[in-house]
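Colleague: Features from TrEMBL:
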- GLY12, ALA13, GLY14, LYS15, THR16, THR17, ARG119, ARG150: ATP binding site (BINDING)
- THR16: Mg(2+) binding site (BINDING)
- ASP34, ARG58, GLY80, ARG133: substrate binding site (BINDING)
Amino acid sequence: MNYQLVLIGFMGAGKTTLSQALGRANGLPVLDTDELVTQQAHMPINEIFSQEGEAGFRQREHLALLHALTSKPAIIATGGGIITQANNRQVLQSLTVPVVLLTASPAEIKRRLAGTTDRPLFKKDWPSLMAKRNGWYTASANRVLPTTGRAISELVQELQHIMEEVSIHD
Ligand code: S3P
């Protein structure tokens, strides 16, 4: 199966959890741009931000996205800020594979990310960051999957349908 599916969305939208579940259910490799960045940098995200600034992290993240996309079949999870960079938005918009935007309400994100420590941008004013990014998320995706109040198993099934629908038309 020559298959690819990309997940985008704000921190806490479920990208990592759902990519892992979907990969497991289909026996497909899972690539996560955050993981690729930390592996390549040999540093956790907080440290990359403090040593290289957000700009350094974004450069690494762009390369990680390009690298992840060379892998097929694969489920690809991206960092929540990937869409802040015009070059990444261009790449995502040019894809013909499903680019699924996972959405969640601010209350749900707050609940899911309670106690998070390795997310330097998940600070007090994250709701305004989210509002600022919303247009970029929708412009970069070709599918939207709301996740608030929905079970992981149900969401995996929905993603499964997207995968099947696309492979039928391949
Ligand atoms: C970020 C989201 C994080 C990570 C980094 C920056 C962002 O990924 O890439 O902390 O700018 O929203 P998750 O969305 O997986 O938390």
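Note that Cβ sites are derived from N, Cα and C of the backbone, with glycine treated the same way.
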Colleague: Go through the binding-site residues THR17, ASP34, GLY80, ARG133 and pull out the ones with a Cβ less than 6 angstroms from some atom of ligand 1.
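Modeller: If the test is a Cβ under 6 Å from any atom of ligand 1, the answer is ASP34, GLY80.
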Colleague: Please give the substrate site's span as the largest CA-CA distance among ASP34, ARG58, GLY80, ARG133, to the nearest whole angstrom.
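Modeller: The widest Cα-Cα gap among those binding residues is 18 Å.
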Colleague: Out of ARG133, ARG150, which of the binding-site residues has the smallest number of neighbouring Cβ atoms within 10 Å?
Modeller: ARG150
Colleague: Under a criterion of Cβ-Cβ distance under 8 Å and sequence separation of at least 6, what residues of the same chain contact ALA13 (ATP binding site)?
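Modeller: Within the chain, ALA13 (ATP binding site) has Cβ neighbours under 8 Å at GLY80, LEU102, THR103, ALA104, ILE109, THR147.
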Colleague: Whole-number Å only: compute the distance from the Cα of ASP34 (substrate binding site) to the Cα of LYS15 (ATP binding site).
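Modeller: Approximately 11 Å lies between the Cα of ASP34 (substrate binding site) and that of LYS15 (ATP binding site).
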Colleague: Closest to ARG58 (substrate binding site): which of the binding-site residues GLY12, GLY14, THR16, THR17, ARG119, going by Cα position?
Modeller: ARG119
Colleague: Please tell me which one of the binding-site residues listed here (GLY12, THR16, ARG150) sits closest to ARG133 (substrate binding site), measuring Cα to Cα?
Modeller: GLY12
